[in-house]
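Okay, structure first, notes after.
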Amino acid sequence: MVLTFGYVCVVALNATAFSLLVKFLLPDVLNNGKLYTIAGWDVYITEIIIATVLLLVFMLVTIRGASVSGSLQYYFCVAMVIVVLLMFFGSFFGNNFALENLQPLAEPSKGWLVSIVVIVSVAPWAYVGFDNIPQTAEEFNFAPNKTFKLIVYSLLAASLTYVVMILYTGWLSTSHQSLNGQLWLTGAVTQTAFGYIGLGVLAIAIMMGIFTGLNGFLMSSSRLLFSMGRSGIIPTMFSKLHSKYKTPYVAIIFLVGVSLIAPWLGRTALTWIVDMSSTGVSIAYFITCLSAAKLFSYNKQSNTYAPVYKTFAIIGSFVSFIS
C-alpha cells in the first residue's frame, strides 16, 4: 500500500503539473475563475478542469490495456529524449551560456554533505518510475532476465535526463537573485535564452514527461491494487477485470477518482503530500533491500549465493534509511 500511495501521488502531481505548464505558457487564460486560496496558492476552476480532463483521458487509455499504453509510452519517451537532447546541445549557443553560472556547486551556508543529503532525500520519489517495470512484468512478452536490464537502463536514462536538465538550467541562469520567485525556473531561463520558440520546444519535453508519468504510474498502481485484491489483502473487487480489455478497471477508476481530489488542493498543499509519499517510498525500498540482503548469501554453499546482489542490497538499505 505504501508504494501505491507513492504512485498515486506521482499521478496527481503530474496532472497538476500539466495545469502549471499551461499556466506558465498562457497565464491570462488560466488565471480566470478563482475559487479560493490554500497555503498561499490560488486555485482556479480552469486549472481543475484541465487536470480533470487529462486524468480522465489517461484513465481510458489505461483501461484499454498494455498494448495501447505501451505504444503511447514508447512515442512519448522518444519525443522527450529528442527534445531534451536538442535543448541541451542548443544551450551551448544560448544568450546567457556560461559555466561560471553553475557556481556555487553547493549551498555555502550548508556545505557539501547537507546539500547532497537534501537531493538524496527526494531521489526515491524522483526515480520511482523504474518500479513500473516489475509491477507490470506479468504482461511482458519476453524473457524474465530482460527485466533486470530494463530496470538498469531506465535508472541510467533517468539519471542522465535529470543531470542534463540541471546543467541546462544552471549554466543558462545569469542571476539567481532575479530568478527567485519564478513559477518555473527552467522555463524562465529558456525564455530568456531562446525566446518563445525555445519555450515551446521545452514545453513539448515537459508534456512528454508528464504523459509518461501519468501513463506509467496509473498502469503500475492499478496492477498493485489488482495483485493485492487477488491475494485477498484488500477487497476482491479491485481484482475484477474488464470483460473486453482484461484490465483491472475497478482499480484504475478508483485511482483516478482519488487523484481527481488533487487539483482542488492547490499546488502547495499537494507538495506536502508528495513529500510524505517520498518518505513512504523510502520505507518501501528499505524493507525490500533488507529482505534482499537477508535472502542472498555470501556463502558459496548456499542456494542463494549472490555476493554482488547482497552487497547492493546492503548499500540500498543504508541509502534508503538515510533518505
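Quick reminder: no glycine exception, Cβ is built from N, Cα and C everywhere.
Database features, via TrEMBL:
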TRANSMEM  43-62  transmembrane segment
TRANSMEM  74-92  transmembrane segment
TRANSMEM  112-130  transmembrane segment
TRANSMEM  150-173  transmembrane segment
TRANSMEM  193-218  transmembrane segment
TRANSMEM  247-266  transmembrane segment
TRANSMEM  272-293  transmembrane segment
TRANSMEM  305-322  transmembrane segment
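By the Cβ criterion (distance under 8 Å, sequence gap of 6 or more), the transmembrane segment (112-130) is counted as touching the transmembrane segment (272-293), at least 3 such pairs being found.
Nonlocal intrachain contacts for the transmembrane segment (43-62), taken as residues 6+ away from its ends with a CB within less than 8 angstroms of a stretch CB, comprise 11, 15-16, 18-20, 22-23, 29-37, 68-69, 72, 211, 214-215, 218-219, 222, 247, 252-253, 256, 259-260, 262-266.
Within its own chain, the transmembrane segment (150-173) is flanked in space by residues 80-81, 84-85, 87-88, 91, 94, 96-99, 101-102, 126-127, 129-130, 133-134, 179, 185-186, 189-190, 192-193, which lie at least six positions past its ends and keep a Cβ under 8 Å from the stretch.
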